[in-house]
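Over in TrEMBL, the protein carries these features:
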- 1-26: signal peptide (SIGNAL)
- Cys55-Cys403: disulfide bond (DISULFID)
- Cys259-Cys273: disulfide bond (DISULFID)
- Cys427-Cys433: disulfide bond (DISULFID)
Amino acid sequence: MKPFMSPVSILILLFFSLTLLNDIQAFDVRQHLSTATRYSVAESNYVPSDIPKECTPIHLNLVARHGTRSPTKKRMRELDSLADHLEVLVREAKEHHSSQQKVPAWLRQWKSPWKGKLKGGELISKGEDESYGIGIRVREKFPDLFNDDYHPDVYNIRASQVPRASASAVAFGMGLFSEKGSLGPGRHRAFAVTSENRASDIKLRFHDCCENYKDFRKNQKPAVDKLKEPVLDEITSSLARQYELNFTRQDTSSLWFLCKQEASLLDITDQACGLFSPSEIALLEWTDDLEAFILKGYGKSLNYRMGVPLLEDVVQSMEEAIKANEENHAPGSYEKARLRFAHAETVIPFSCLLGLFLEKSEFQQIQREEPLQLPPKPPQNRSWWGSTVAPFAGNNMLVLYSCPSKSSNKYFVQVLHNERPTPMQGCGGTDFCPFDVFKESIVAPHLKHNYEAVCKKELPMLKPETSKLSQLFRWLFLPRNDDTRSSKVEL
(Lines of atoms letter the chains of each structure in order from A and count residues from 1; the text may use other names and numbers.)
(Lines give C-alpha, C1' and ligand atoms only; values in the text may rest on other atoms or scores of the structure.)
Protein backbone atom coordinates (compact mmCIF):
# COMPACT_ATOMS: atom_id res chain seq x y z
CA MET A 1 0.00 0.00 0.00
CA LYS A 2 1.45 3.40 -1.03
CA PRO A 3 1.92 5.96 1.79
CA PHE A 4 -0.72 8.65 1.74
CA MET A 5 0.09 12.36 2.11
CA SER A 6 -2.70 14.67 3.09
CA PRO A 7 -3.13 17.99 1.24
CA VAL A 8 -1.99 19.79 4.43
CA SER A 9 1.24 17.75 4.53
CA ILE A 10 1.89 18.51 0.88
CA LEU A 11 1.38 22.25 1.50
CA ILE A 12 3.72 22.18 4.51
CA LEU A 13 6.39 20.33 2.49
CA LEU A 14 5.99 22.79 -0.39
CA PHE A 15 6.27 25.75 2.01
CA PHE A 16 9.53 24.53 3.54
CA SER A 17 10.93 23.70 0.10
CA LEU A 18 10.20 27.21 -1.17
CA THR A 19 11.64 28.75 2.02
CA LEU A 20 14.85 26.75 1.60
CA LEU A 21 15.05 27.76 -2.07
CA ASN A 22 14.60 31.43 -1.19
CA ASP A 23 17.33 31.20 1.47
CA ILE A 24 19.74 29.68 -1.03
CA GLN A 25 18.89 32.29 -3.68
CA ALA A 26 19.24 35.11 -1.11
CA PHE A 27 22.71 33.92 -0.08
CA ASP A 28 25.35 36.09 -1.73
CA VAL A 29 28.82 34.69 -1.20
CA ARG A 30 30.30 38.13 -1.94
CA GLN A 31 29.06 39.26 1.49
CA HIS A 32 30.76 36.30 3.24
CA LEU A 33 34.41 36.62 2.28
CA SER A 34 35.72 37.79 5.67
CA THR A 35 38.30 40.57 5.17
CA ALA A 36 38.34 39.93 1.40
CA THR A 37 34.78 41.28 1.16
CA ARG A 38 34.29 44.36 -1.01
CA TYR A 39 33.16 47.55 0.66
CA SER A 40 29.54 48.53 1.09
CA VAL A 41 27.65 50.81 3.43
CA ALA A 42 25.58 48.08 5.04
CA GLU A 43 22.24 48.62 6.70
CA SER A 44 22.23 48.40 10.49
CA ASN A 45 19.58 47.71 13.12
CA TYR A 46 21.33 50.11 15.48
CA VAL A 47 19.41 53.36 16.06
CA PRO A 48 21.97 56.21 16.07
CA SER A 49 21.98 59.07 18.55
CA ASP A 50 20.05 62.24 17.84
CA ILE A 51 22.67 64.96 17.50
CA PRO A 52 21.34 68.33 18.73
CA LYS A 53 20.97 70.92 15.99
CA GLU A 54 23.25 73.37 17.76
CA CYS A 55 26.14 70.87 17.61
CA THR A 56 28.46 71.40 14.66
CA PRO A 57 31.36 69.19 13.48
CA ILE A 58 34.73 70.93 13.84
CA HIS A 59 37.18 68.13 13.08
CA LEU A 60 37.23 64.67 11.49
CA ASN A 61 39.65 61.77 11.93
CA LEU A 62 39.63 58.92 9.42
CA VAL A 63 41.45 55.59 9.68
CA ALA A 64 40.78 53.58 6.53
CA ARG A 65 41.97 50.38 4.91
CA HIS A 66 43.03 50.38 1.27
CA GLY A 67 40.43 49.36 -1.31
CA THR A 68 40.06 46.03 -3.11
CA ARG A 69 43.41 44.82 -4.39
CA SER A 70 44.82 42.05 -6.57
CA PRO A 71 46.45 38.96 -5.01
CA THR A 72 50.03 39.28 -3.82
CA LYS A 73 52.88 37.51 -5.64
CA LYS A 74 52.96 34.79 -2.96
CA ARG A 75 49.25 34.13 -3.35
CA MET A 76 49.49 34.10 -7.14
CA ARG A 77 52.13 31.37 -6.86
CA GLU A 78 49.72 29.44 -4.62
CA LEU A 79 47.04 29.61 -7.33
CA ASP A 80 49.53 28.42 -9.96
CA SER A 81 50.32 25.44 -7.72
CA LEU A 82 46.60 24.79 -7.32
CA ALA A 83 46.15 24.72 -11.10
CA ASP A 84 48.98 22.19 -11.43
CA HIS A 85 47.51 19.94 -8.74
CA LEU A 86 43.98 20.14 -10.13
CA GLU A 87 45.38 18.96 -13.47
CA VAL A 88 46.97 15.98 -11.70
CA LEU A 89 43.73 15.15 -9.87
CA VAL A 90 41.67 15.22 -13.06
CA ARG A 91 44.22 13.02 -14.85
CA GLU A 92 44.26 10.52 -11.98
CA ALA A 93 40.47 10.39 -11.99
CA LYS A 94 40.51 9.56 -15.71
CA GLU A 95 43.07 6.82 -15.18
CA HIS A 96 40.89 5.29 -12.46
CA HIS A 97 37.84 5.56 -14.73
CA SER A 98 35.97 7.81 -12.32
CA SER A 99 32.90 9.59 -13.59
CA GLN A 100 34.03 12.78 -15.34
CA GLN A 101 30.48 14.08 -15.28
CA LYS A 102 30.86 14.89 -11.57
CA VAL A 103 33.86 17.12 -12.23
CA PRO A 104 32.80 20.71 -12.98
CA ALA A 105 33.66 21.68 -16.55
CA TRP A 106 35.56 24.84 -15.48
CA LEU A 107 37.84 22.83 -13.22
CA ARG A 108 39.10 20.39 -15.86
CA GLN A 109 41.36 22.86 -17.63
CA TRP A 110 41.44 25.73 -15.16
CA LYS A 111 44.35 28.17 -15.14
CA SER A 112 44.77 31.09 -12.77
CA PRO A 113 43.57 34.43 -14.20
CA TRP A 114 46.73 35.90 -12.68
CA LYS A 115 49.11 33.39 -14.28
CA GLY A 116 52.19 35.09 -15.70
CA LYS A 117 51.73 38.31 -13.74
CA LEU A 118 55.02 39.54 -12.34
CA LYS A 119 53.61 42.01 -9.81
CA GLY A 120 50.76 41.77 -7.33
CA GLY A 121 48.95 43.45 -4.48
CA GLU A 122 48.05 46.63 -6.35
CA LEU A 123 44.79 48.54 -5.98
CA ILE A 124 42.33 47.53 -8.72
CA SER A 125 39.67 49.72 -10.33
CA LYS A 126 36.98 48.44 -7.93
CA GLY A 127 39.20 49.53 -5.06
CA GLU A 128 39.61 52.97 -6.60
CA ASP A 129 35.83 53.28 -6.87
CA GLU A 130 35.40 52.32 -3.20
CA SER A 131 37.76 55.00 -1.87
CA TYR A 132 36.56 57.61 -4.39
CA GLY A 133 32.95 57.02 -3.33
CA ILE A 134 33.80 57.34 0.37
CA GLY A 135 35.49 60.68 -0.36
CA ILE A 136 32.40 62.02 -2.12
CA ARG A 137 30.03 60.85 0.64
CA VAL A 138 32.19 62.25 3.44
CA ARG A 139 32.12 65.71 1.83
CA GLU A 140 28.35 65.46 1.33
CA LYS A 141 27.78 64.38 4.92
CA PHE A 142 30.04 67.06 6.47
CA PRO A 143 29.90 70.03 4.05
CA ASP A 144 30.92 72.57 6.74
CA LEU A 145 34.15 70.67 7.39
CA PHE A 146 35.20 70.70 3.75
CA ASN A 147 34.20 74.19 2.62
CA ASP A 148 37.68 75.72 3.08
CA ASP A 149 40.18 76.03 0.28
CA TYR A 150 42.52 73.08 0.19
CA HIS A 151 45.76 73.31 2.13
CA PRO A 152 47.77 70.29 3.39
CA ASP A 153 47.77 71.74 6.91
CA VAL A 154 43.97 72.01 6.86
CA TYR A 155 43.26 68.64 5.21
CA ASN A 156 46.10 66.37 6.25
CA ILE A 157 46.19 63.17 4.15
CA ARG A 158 48.54 60.39 5.19
CA ALA A 159 49.16 56.88 3.90
CA SER A 160 51.45 54.02 4.75
CA GLN A 161 54.41 53.60 2.42
CA VAL A 162 52.66 50.84 0.46
CA PRO A 163 51.36 51.72 -3.02
CA ARG A 164 47.82 50.34 -2.56
CA ALA A 165 47.36 52.51 0.54
CA SER A 166 48.64 55.71 -1.07
CA ALA A 167 46.62 54.95 -4.23
CA SER A 168 43.51 54.64 -2.03
CA ALA A 169 44.35 57.99 -0.45
CA VAL A 170 44.59 59.56 -3.91
CA ALA A 171 41.26 58.05 -5.01
CA PHE A 172 39.62 59.29 -1.80
CA GLY A 173 41.10 62.77 -2.28
CA MET A 174 39.85 62.89 -5.87
CA GLY A 175 36.35 62.26 -4.58
CA LEU A 176 36.69 64.64 -1.63
CA PHE A 177 38.04 67.53 -3.72
CA SER A 178 36.22 66.85 -6.99
CA GLU A 179 34.98 70.05 -8.65
CA LYS A 180 37.15 72.02 -6.23
CA GLY A 181 39.93 72.70 -8.73
CA SER A 182 40.56 73.37 -12.41
CA LEU A 183 42.19 70.17 -13.68
CA GLY A 184 40.34 68.42 -16.50
CA PRO A 185 36.61 67.94 -17.03
CA GLY A 186 36.16 66.82 -13.42
CA ARG A 187 37.70 70.06 -12.16
CA HIS A 188 40.11 68.11 -9.96
CA ARG A 189 42.88 69.65 -7.96
CA ALA A 190 46.29 68.47 -6.80
CA PHE A 191 46.73 67.53 -3.14
CA ALA A 192 49.49 66.08 -0.99
CA VAL A 193 49.69 62.57 0.47
CA THR A 194 52.49 62.09 2.99
CA SER A 195 54.07 58.84 4.20
CA GLU A 196 56.58 57.79 6.80
CA ASN A 197 59.27 55.19 6.22
CA ARG A 198 57.57 51.81 6.64
CA ALA A 199 60.43 50.62 8.87
CA SER A 200 59.63 53.31 11.46
CA ASP A 201 55.94 54.08 10.89
CA ILE A 202 54.50 53.30 14.33
CA LYS A 203 51.19 55.05 13.57
CA LEU A 204 50.04 53.26 10.41
CA ARG A 205 52.30 50.19 10.24
CA PHE A 206 52.94 49.57 13.93
CA HIS A 207 52.65 45.82 13.25
CA ASP A 208 55.79 46.03 11.12
CA CYS A 209 57.78 47.80 13.83
CA CYS A 210 56.67 45.83 16.90
CA GLU A 211 59.19 43.04 17.56
CA ASN A 212 57.10 41.36 20.27
CA TYR A 213 54.09 41.27 17.96
CA LYS A 214 56.08 39.74 15.10
CA ASP A 215 57.27 37.01 17.48
CA PHE A 216 53.72 36.45 18.76
CA ARG A 217 52.28 36.18 15.25
CA LYS A 218 55.00 33.78 14.12
CA ASN A 219 54.58 31.57 17.18
CA GLN A 220 50.77 31.66 17.21
CA LYS A 221 50.16 30.99 13.50
CA PRO A 222 50.63 27.17 13.77
CA ALA A 223 48.08 27.05 16.60
CA VAL A 224 45.59 29.05 14.51
CA ASP A 225 46.13 26.69 11.58
CA LYS A 226 45.47 23.79 13.96
CA LEU A 227 42.13 25.35 14.95
CA LYS A 228 41.16 25.50 11.27
CA GLU A 229 42.07 21.89 10.47
CA PRO A 230 38.83 20.16 11.58
CA VAL A 231 36.74 22.46 9.35
CA LEU A 232 39.10 22.06 6.38
CA ASP A 233 39.23 18.27 6.84
CA GLU A 234 35.44 17.99 7.03
CA ILE A 235 34.95 20.06 3.88
CA THR A 236 37.80 18.26 2.08
CA SER A 237 36.09 14.91 2.69
CA SER A 238 32.80 16.34 1.42
CA LEU A 239 34.43 17.68 -1.77
CA ALA A 240 36.22 14.38 -2.41
CA ARG A 241 32.95 12.40 -2.10
CA GLN A 242 30.95 14.81 -4.21
CA TYR A 243 33.40 15.24 -7.10
CA GLU A 244 35.37 11.98 -6.80
CA LEU A 245 38.67 13.81 -6.81
CA ASN A 246 41.37 13.16 -4.25
CA PHE A 247 41.41 16.67 -2.77
CA THR A 248 43.85 17.51 0.03
CA ARG A 249 43.42 19.92 2.90
CA GLN A 250 45.72 22.35 1.05
CA ASP A 251 43.50 22.09 -2.05
CA THR A 252 40.46 23.08 0.02
CA SER A 253 42.31 26.03 1.54
CA SER A 254 43.51 27.20 -1.90
CA LEU A 255 40.06 26.72 -3.46
CA TRP A 256 38.55 28.87 -0.71
CA PHE A 257 41.14 31.54 -1.40
CA LEU A 258 40.34 31.29 -5.12
CA CYS A 259 36.64 31.63 -4.32
CA LYS A 260 37.32 34.86 -2.42
CA GLN A 261 39.43 36.29 -5.23
CA GLU A 262 36.99 35.34 -7.99
CA ALA A 263 33.97 36.66 -6.09
CA SER A 264 35.55 39.86 -4.78
CA LEU A 265 37.68 40.89 -7.75
CA LEU A 266 35.94 39.31 -10.74
CA ASP A 267 32.31 38.85 -9.59
CA ILE A 268 32.58 35.14 -10.46
CA THR A 269 30.54 33.14 -7.95
CA ASP A 270 29.76 29.91 -9.82
CA GLN A 271 33.25 28.37 -10.11
CA ALA A 272 35.38 27.90 -6.98
CA CYS A 273 32.61 29.32 -4.77
CA GLY A 274 30.16 26.95 -6.43
CA LEU A 275 32.07 23.97 -5.02
CA PHE A 276 30.96 24.88 -1.49
CA SER A 277 27.50 24.89 0.04
CA PRO A 278 26.35 28.01 1.95
CA SER A 279 26.90 26.21 5.25
CA GLU A 280 30.45 25.28 4.22
CA ILE A 281 31.16 28.86 3.18
CA ALA A 282 29.88 30.00 6.59
CA LEU A 283 32.39 27.67 8.26
CA LEU A 284 35.27 28.78 6.03
CA GLU A 285 34.39 32.42 6.66
CA TRP A 286 34.40 31.70 10.39
CA THR A 287 37.92 30.23 10.22
CA ASP A 288 39.14 33.44 8.57
CA ASP A 289 37.31 35.56 11.15
CA LEU A 290 38.85 33.44 13.89
CA GLU A 291 42.34 34.09 12.52
CA ALA A 292 41.72 37.85 12.34
CA PHE A 293 40.38 37.83 15.91
CA ILE A 294 43.37 35.93 17.32
CA LEU A 295 46.21 37.51 15.33
CA LYS A 296 44.91 41.07 14.77
CA GLY A 297 42.00 41.66 17.12
CA TYR A 298 40.84 40.96 20.65
CA GLY A 299 42.66 37.60 20.84
CA LYS A 300 45.63 39.23 22.60
CA SER A 301 45.95 42.73 24.03
CA LEU A 302 49.33 43.14 22.31
CA ASN A 303 47.47 43.16 18.96
CA TYR A 304 45.84 46.51 19.69
CA ARG A 305 48.03 48.02 22.38
CA MET A 306 50.79 48.39 19.80
CA GLY A 307 48.37 50.81 18.07
CA VAL A 308 48.49 53.31 20.97
CA PRO A 309 50.62 55.82 18.97
CA LEU A 310 47.79 56.03 16.42
CA LEU A 311 45.20 56.54 19.17
CA GLU A 312 47.38 59.27 20.71
CA ASP A 313 47.65 60.96 17.31
CA VAL A 314 43.86 60.93 16.93
CA VAL A 315 43.27 62.44 20.39
CA GLN A 316 46.01 65.02 19.90
CA SER A 317 44.42 66.21 16.64
CA MET A 318 41.06 66.62 18.41
CA GLU A 319 42.61 68.53 21.30
CA GLU A 320 44.31 70.88 18.83
CA ALA A 321 40.95 71.41 17.09
CA ILE A 322 39.31 72.24 20.44
CA LYS A 323 42.05 74.75 21.21
CA ALA A 324 41.62 76.38 17.79
CA ASN A 325 37.86 76.56 18.33
CA GLU A 326 38.22 78.02 21.82
CA GLU A 327 40.66 80.65 20.58
CA ASN A 328 38.48 81.51 17.56
CA HIS A 329 41.18 80.85 15.00
CA ALA A 330 40.34 82.04 11.51
CA PRO A 331 39.10 79.45 8.98
CA GLY A 332 41.94 78.01 6.96
CA SER A 333 44.45 78.51 9.78
CA TYR A 334 43.93 75.18 11.56
CA GLU A 335 43.48 71.50 10.70
CA LYS A 336 39.91 70.34 10.05
CA ALA A 337 40.55 66.74 9.00
CA ARG A 338 43.28 64.14 9.46
CA LEU A 339 42.78 61.37 6.91
CA ARG A 340 44.80 58.14 7.10
CA PHE A 341 45.00 55.15 4.73
CA ALA A 342 46.60 51.90 5.71
CA HIS A 343 45.74 48.21 6.15
CA ALA A 344 43.54 45.67 7.92
CA GLU A 345 46.41 45.33 10.40
CA THR A 346 45.80 49.02 11.22
CA VAL A 347 41.99 49.25 11.13
CA ILE A 348 41.31 46.10 13.19
CA PRO A 349 43.54 47.06 16.16
CA PHE A 350 42.21 50.62 16.05
CA SER A 351 38.63 49.31 16.22
CA CYS A 352 39.67 47.26 19.26
CA LEU A 353 41.22 50.31 20.93
CA LEU A 354 37.80 51.99 20.60
CA GLY A 355 36.09 48.90 22.04
CA LEU A 356 33.87 48.30 18.99
CA PHE A 357 32.02 45.01 18.37
CA LEU A 358 31.85 44.17 22.06
CA GLU A 359 29.09 43.43 24.52
CA LYS A 360 29.14 45.40 27.78
CA SER A 361 30.52 42.46 29.76
CA GLU A 362 33.25 41.94 27.16
CA PHE A 363 34.30 45.58 27.38
CA GLN A 364 34.62 45.17 31.14
CA GLN A 365 36.81 42.11 30.56
CA ILE A 366 39.05 44.15 28.27
CA GLN A 367 39.30 46.84 30.95
CA ARG A 368 40.41 44.16 33.42
CA GLU A 369 42.87 42.84 30.82
CA GLU A 370 41.11 39.46 30.73
CA PRO A 371 41.01 37.38 27.52
CA LEU A 372 37.79 37.13 25.54
CA GLN A 373 36.16 33.98 24.27
CA LEU A 374 36.73 33.17 20.60
CA PRO A 375 33.93 34.00 18.12
CA PRO A 376 31.46 31.09 18.33
CA LYS A 377 31.23 28.60 15.49
CA PRO A 378 28.30 28.80 13.03
CA PRO A 379 25.36 28.53 13.22
CA GLN A 380 25.73 30.41 16.52
CA ASN A 381 25.46 34.19 16.39
CA ARG A 382 28.53 36.36 16.79
CA SER A 383 29.38 40.06 16.67
CA TRP A 384 32.86 39.60 15.15
CA TRP A 385 32.66 39.43 11.35
CA GLY A 386 35.71 40.16 9.20
CA SER A 387 33.38 41.37 6.43
CA THR A 388 32.16 44.10 8.80
CA VAL A 389 35.22 44.81 10.94
CA ALA A 390 37.68 45.26 8.06
CA PRO A 391 36.42 44.71 4.53
CA PHE A 392 38.39 46.28 1.70
CA ALA A 393 38.20 50.07 2.29
CA GLY A 394 36.78 49.49 5.79
CA ASN A 395 37.10 52.60 7.93
CA ASN A 396 36.54 54.32 11.25
CA MET A 397 35.65 57.99 11.44
CA LEU A 398 35.75 60.00 14.66
CA VAL A 399 33.89 63.28 14.26
CA LEU A 400 34.45 65.97 16.88
CA TYR A 401 31.42 68.17 17.56
CA SER A 402 31.18 71.52 19.32
CA CYS A 403 27.93 71.89 21.26
CA PRO A 404 27.86 75.43 22.73
CA SER A 405 24.60 75.05 24.67
CA LYS A 406 25.84 71.99 26.55
CA SER A 407 26.84 73.31 29.96
CA SER A 408 28.73 70.34 31.43
CA ASN A 409 30.14 68.90 28.20
CA LYS A 410 30.84 71.23 25.33
CA TYR A 411 32.61 68.79 22.99
CA PHE A 412 31.42 65.37 21.79
CA VAL A 413 32.86 62.57 19.68
CA GLN A 414 30.78 60.52 17.27
CA VAL A 415 32.19 57.24 15.99
CA LEU A 416 31.19 55.94 12.57
CA HIS A 417 32.35 52.54 11.36
CA ASN A 418 32.06 52.06 7.61
CA GLU A 419 30.12 55.35 7.57
CA ARG A 420 27.49 54.12 10.05
CA PRO A 421 27.18 55.42 13.65
CA THR A 422 28.48 52.65 15.90
CA PRO A 423 27.98 52.20 19.66
CA MET A 424 30.91 52.30 22.08
CA GLN A 425 30.48 50.26 25.25
CA GLY A 426 32.99 52.54 26.96
CA CYS A 427 30.50 55.38 26.48
CA GLY A 428 27.47 53.51 27.77
CA GLY A 429 26.58 51.95 24.42
CA THR A 430 26.14 55.22 22.52
CA ASP A 431 27.87 56.49 19.39
CA PHE A 432 27.83 60.12 20.59
CA CYS A 433 30.08 60.54 23.59
CA PRO A 434 31.31 63.54 25.61
CA PHE A 435 34.94 64.08 24.69
CA ASP A 436 36.05 63.99 28.34
CA VAL A 437 34.26 60.67 28.88
CA PHE A 438 35.76 59.32 25.66
CA LYS A 439 39.24 60.21 26.90
CA GLU A 440 38.70 58.90 30.41
CA SER A 441 36.82 55.66 29.69
CA ILE A 442 38.20 54.58 26.32
CA VAL A 443 41.56 56.26 25.74
CA ALA A 444 43.16 56.58 29.20
CA PRO A 445 43.27 52.84 30.05
CA HIS A 446 45.31 52.20 26.89
CA LEU A 447 47.74 55.04 27.53
CA LYS A 448 49.13 53.14 30.51
CA HIS A 449 50.87 50.97 27.94
CA ASN A 450 53.85 52.64 26.29
CA TYR A 451 54.66 51.51 22.73
CA GLU A 452 58.30 50.86 23.57
CA ALA A 453 57.39 48.78 26.61
CA VAL A 454 54.76 46.82 24.67
CA CYS A 455 56.86 46.15 21.58
CA LYS A 456 60.54 46.11 22.48
CA LYS A 457 62.02 42.67 23.05
CA GLU A 458 63.55 42.28 26.48
CA LEU A 459 67.02 40.76 26.27
CA PRO A 460 67.73 38.41 29.18
CA MET A 461 70.21 39.88 31.64
CA LEU A 462 73.30 37.70 31.98
CA LYS A 463 75.04 37.58 35.31
CA PRO A 464 78.76 38.29 34.88
CA GLU A 465 79.83 35.04 36.49
CA THR A 466 77.61 32.92 34.23
CA SER A 467 77.91 34.79 30.95
CA LYS A 468 79.39 33.12 27.86
CA LEU A 469 82.28 35.57 27.79
CA SER A 470 83.07 34.94 31.47
CA GLN A 471 82.95 31.18 30.96
CA LEU A 472 85.28 31.44 27.98
CA PHE A 473 87.71 33.64 29.93
CA ARG A 474 87.82 31.17 32.82
CA TRP A 475 88.22 28.23 30.47
CA LEU A 476 91.22 29.87 28.72
CA PHE A 477 93.12 31.44 31.57
CA LEU A 478 92.21 30.01 34.97
CA PRO A 479 93.68 26.79 36.42
CA ARG A 480 91.46 23.83 35.61
CA ASN A 481 90.61 20.92 37.82
CA ASP A 482 88.99 17.76 36.53
CA ASP A 483 85.50 19.27 36.64
CA THR A 484 86.34 22.39 34.62
CA ARG A 485 88.32 20.37 32.13
CA SER A 486 85.33 18.19 31.37
CA SER A 487 82.76 21.02 31.30
CA LYS A 488 81.52 22.14 27.83
CA VAL A 489 81.48 25.80 26.90
CA GLU A 490 78.66 26.65 24.38
CA LEU A 491 79.48 29.69 22.31
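Even glycines carry a Cβ here, placed using N, Cα and C.
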For Cys427 (disulfide bond): intrachain residues, at least 6 apart, with Cβ closer than 8 Å: Cys433, Pro434, Val437, Phe438, Ser441, Ile442
Fewest Cβ neighbours within 10 Å, where candidates are the disulfide-bonded residues Cys259, Cys403, Cys433: Cys403
All-chain count of other Cβ atoms within 10 Å of Cys55 (disulfide bond): 18
All-chain count of other Cβ atoms within 10 Å of Cys273 (disulfide bond): 20
Separation of alpha carbons, Cys55 (disulfide bond) and Cys259 (disulfide bond) (Å): 46
